[in-house]
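Quick notes on the structure that follows.
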Amino acid sequence: MQEVSNAQKARILRDALPYIREYYGKVVVVKYGGNAMVNEELRKAVLADIVLLHLIGVKVVLVHGGGPHIKDMLNQVGLESKFLNGLRVTDEATMKIVQMVLAGQVNKDLVNLLGSLGGKAIGLCGIDDDMIQVKKQSDELGLVGEITHINPELIHDSLANGYIPVISSIGTDGKGVSYNINADTAAAEIAGALQAECMISLTNIDGVLRNPEDPSTLFHSLTMQEVQKLTDEGIIAGGMIPKVKCCTDAIDCGVKRVFIINGTVPHAILIEMLTEEGLGTMFVKQ
Ligand SMILES: Nc1ncnc2c1ncn2[C@@H]1O[C@H](COP(=O)(O)OP(=O)(O)O)[C@@H](O)[C@H]1O
Ligand SMILES: CC(=O)N[C@@H](CCC(=O)OP(=O)(O)O)C(=O)O
């Protein structure tokens, strides 16, 4: 690795200061999940950056998925993973596993790791205090929830008490039934309800690319109209479609800065938030 001189380190810190000031005391929602969350070393590095932001006074809210973890557990118990338009078809047996894996295994592992890195974290899911209220999205998807309302009180209380809230993407219908929610959707709705300064979705690709095989084709910023055009042209495809839709929804709901970045790049969150250049795709209204 190339040596960084003390003068360069000092310049990096000086240049970051205005951004630190800008984000101080502001709410930043980070969506973490997918393949960017599977590697343990990487996970530790991402969480260390979240702890650092928390320690310098940014109100970080971590919303997580865990699709690969759910898939592994379904495999272990002999259940199949089925998707319809990027959403998991969730029958009752699958929902039990989703809740166990997300609110149990993944959530508690993240909280535990944040704690070990010096962060004060609290693990929640959308069922706690009726935080994520849903209705059934469609009969075909089974227990997949469409969000009808976010009750942000518990998040505000957790932040006011100095915690990093770590929230898994499960909702309730208010009648005792748990529902599965795509984690990007949950993050965008939560960011909107909190009127967050910023939402960052971490994935395992650099952002939105004209050609996903070629990193030099990254779109550094995209307007809502450009997103529509690229989706119509089939350039934004597959798992990127719902991810980008959540970003534009968050902008529509008043979130000021919205990014998709590569969570496998060392210090990706810090580079995006605290440098002029950033590194992923930023979404803007126009
Ligand atoms: N234009 C595009 N730019 C970048 N990635 C794209 C694009 N179109 C489709 N994709 C695909 O979308 C994937 C990201 O979605 P997904 O795998 O669902 O993310 P995650 O698992 O992080 O939630 C990328 O790895 C890539 O294969
Ligand atoms: C309805 C639906 O599809 N829910 C997702 C929830 C987890 C998730 O979104 O995880 P990632 O962020 O890791 O993809 C699922 O069951 O996989």
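Each residue, glycine too, has its Cβ placed from N, Cα and C.
Just so you know, TrEMBL annotations are computer predictions that nobody has curated.
Taken straight from TrEMBL:
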DOMAIN    26-262  domain 'Aspartate/glutamate/uridylate kinase'
SITE      Lys31  site 'Transition state stabilizer'
BINDING   Gly66, Gly67, Arg88, Asn180  substrate binding site
SITE      Lys243  site 'Transition state stabilizer'
Cβ contacts of Gly67 (substrate binding site) (under 8 Å, same chain, 6 or more positions away): Gly33, Gly34, Arg88, Ala183
Per DSSP, three-state class assigned to Gly66 (substrate binding site): coil
Candidates Lys31, Gly66, Asn180 (recorded positions) - the one closest to Lys243 (site 'Transition state stabilizer') by CA: Lys31
Max pairwise CA distance, angstrom, over record-listed substrate binders Gly66, Gly67, Arg88, Asn180: 12
Euclidean distance between Cα atoms of Lys31 (site 'Transition state stabilizer') and Gly66 (substrate binding site), Å: 11
PLDDT averaged over every residue in the domain 'Aspartate/glutamate/uridylate kinase' (26-262): 96
Most crowded position, judged by CB atoms within 10 A, among Lys31, Arg88, Lys243 as recorded positions: Lys31
List of residues, in chain order, with Cβ under 8 A from that of Asn180 (substrate binding site) and at least 6 apart: Arg88, Thr90, Thr94, Met95, Val98, Leu143, Val144, Gly145, Ser169, Ile170
Reduced DSSP assignment, Lys243 (site 'Transition state stabilizer'): helix
Near-site residues: substrate, ref Gly66, Gly67, Arg88, Asn180, CB cutoff 8 A to centroid: Gly65, Ile70, Lys71, Val98, Val101, Leu102, Ser169, Asn182, Ala183
